[in-house]
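Read through the structure below, which is laid out as structure tokens, and then see the notes.
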Amino acid sequence: TTIRAENEVEAHREANNYKFGFRKWKGNVTEKPIEERSDITKELYADLSLVKPHKGSLVTFGNVIYLFLFGWWISLIYFLICPIMFLTIFGAPYGKLCFKLAWYFIWPFGKSIEKVSDRVMSPICRVSTYVWLILGYPVLAVVHSLACILSWLLIFTIPVAKMNAHTLATVLLMAPEDVQIRRLEKVTGSFSEFILCCYQASNVYYCKYSVQGINIFALNLLPLVLITLIIGYSDHKNTYFSAETKFATSIISIIPLSYFIGMGIASISAQSNFAVGAVVNATFGSITEMTFYITALLQGYQAANKCYEEVVKAALTGTILGCILFIPGICMIIGGIKHREQRFNSRSAGVSSALLFISIGGVFAPTLFSKTFGNLVCDTCTNVPSNSSVPFTCKDCHYDTVGDFSQLPAIIVPLVYTISVLLPAAYLIGLIFTLKTHSHIYDIHISDGHGVHHVVHWSRCKALGVLIVATALMACCADLSTENIEPILSHSSVSQYFIGVTVLAMVPELPEIVNGIQFALQNNISLSLEVGTCIAIQVCMIQIPLLVLFNAFYDVGFVLVFSDIHLWASIFSVILVNYIFMDGKCDYFQGTALVVVYLILLALYFFAPSPRSC
């Protein structure tokens, strides 16, 4: 397979996507010249001062929505300011301008705001300007700023945000005599300069819009991070905001921070050699999940509540299940709808499947050990008096970890430490196998346009700075989420298992899911599958051994023994995925099978009783 890249940096990024253990990243890390982009993309970044021919009706769904969401109240404010300016006498010219702009903003489509030839401003005009800047402009600045923020946050109405920003920065600061509003079909000749021209209020393709390489969704969620930190650390007693609200905002704030960490990793890796890229991926690749797990374990240790440990184990299992069932499944479905049948490298998928088997076997070995050699303990047992032939009826039975808890360090802990050494070793062997000795199984050739000028969105220093800041903010959000999860764990009608395997496991992986879907839509299902399996392998072979290592130095009571539901769900999922990956091709039906199995497992977790420690 030969993949075309625009320049050397993008070629490195593409090559890194096919390296085992490297984070897969779909977005570009360099800025593509606007001239080389598609017409749809050019339209997104077009200047509103440019007049272009327009075909079709101006009465579109988006334009009608603009009328109800923005047009009427912006126009109303102008109509209210208009008489005020006339009453000041000196502000009459601006009163006329407000009247014209009121009719403009109620339906601005197909109209232009122009600046006529420069004129010498009279003293009266200068007085009217002072009146305008004191009475009219401040109010309209608030109005247009509010409309700009709201339309920007809605994303698809970004043209409305651009229009309001342009009006605030240019139109309202012009002399009223210089502002002329006309319908575009009446525009002829040209003794004027176009300031503003808009045909549509919305565009569905703005979901692809980016600023300095940052996707608009991640950019718009950044203010939520600041809000989360403010309400989280200022309202300790939940006076103004409930713990549930603070938990929700902190969890959602993890999404953009995960995106920034991913882009930082991709940017540094694409501009560095293999060794630096491998170190960055190894250190920052699992930072999102590790931050949450460690803060949750610390919170549970300080509160003497073992429920936090169960939630962490549920989140670990949920990440594994989501990455080997849901992410490949949803990518197969969406990619299969566009492409009838998709093929992938069954040899490389086989390597990932083998590592998954090793991972699951190693992680759940202590659990199997405890069930084999542990004692079955029941909370209550009853029988019929004076009738020894009737067996006992026992409730809430479970395997105690080798009987007496005091024997745990002497028996289970050495096994856990042994596994925590073997799993990273297997991961290292997998790196050597796929990157050095048997790199030919991927058979990928990157063709790049050497000599093509490119501008990197983030330099290595900037990317490293973003990584450090995003990691620090991630730690704060993880701390707030674990601090405010206690009411949810204590009073929720939903099983704590379900909370762990869904919200806590999959929300941080949303950027990865989007990347996988984008790969699938481009008929690159191999990378879509690698997105999920790579994360699942890292959870088992890196994150869990790191948690064991952390517990060894700072004992928070983390024991690598999982509940039965985690054990059997993970084993069944790995077997199913290995079967799906065997033939090297997939379609939407196989993807549907994976997603349905994932939903069935979620149903099991939803109806499962809460862990004993909760």
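The backbone N, Cα and C atoms fix where each Cβ goes, and this holds for glycine too.
According to TrEMBL, the protein carries these features:
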- 61-111: domain 'Inner membrane component' (DOMAIN)
- 247-364: domain 'Sodium/calcium exchanger membrane region' (DOMAIN)
- 463-605: domain 'Sodium/calcium exchanger membrane region' (DOMAIN)
- 64-87: transmembrane segment (TRANSMEM)
- 130-155: transmembrane segment (TRANSMEM)
- 214-233: transmembrane segment (TRANSMEM)
- 245-262: transmembrane segment (TRANSMEM)
- 274-294: transmembrane segment (TRANSMEM)
- 314-337: transmembrane segment (TRANSMEM)
- 349-369: transmembrane segment (TRANSMEM)
- 411-435: transmembrane segment (TRANSMEM)
- 527-550: transmembrane segment (TRANSMEM)
- 556-581: transmembrane segment (TRANSMEM)
- 588-608: transmembrane segment (TRANSMEM)
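The stretch from 214-233, 245-262, 556-581, 588-608 that makes the most Cβ contacts under 8 Å with the transmembrane segment (349-369) is 556-581. Contact check: the transmembrane segment (588-608) against the transmembrane segment (64-87) gives fewer than three Cβ pairs closer than 8 Å, residues 6 or more apart, which falls short of the contact criterion. Only pairs six or more apart in sequence are counted, and the transmembrane segment (274-294) with the transmembrane segment (130-155) gives fewer than three Cβ pairs under 8 Å, not enough to call it a contact. Among residues of the same chain six or more beyond the transmembrane segment (527-550), those with a C-beta under 8 A of the stretch's C-beta atoms are 17-18, 20-24, 282, 285-286, 289-290, 293-294, 297, 312, 316, 319-320, 322-324, 326-328, 331-332, 335, 344, 348-349, 352-353, 355-356, 359-360, 362-363, 416-417, 419-421, 423-424, 426-427, 430, 509, 512, 515-517, 519-520, 556, 558, 560, 577, 581. Shown for the domain 'Sodium/calcium exchanger membrane region' (247-364): DSSP residue counts in helix, strand and coil, namely 102 helix, 2 strand, 14 coil.
Taken residue by residue, the domain 'Inner membrane component' (61-111) breaks down under DSSP into 42 helix, 2 strand, 7 coil.
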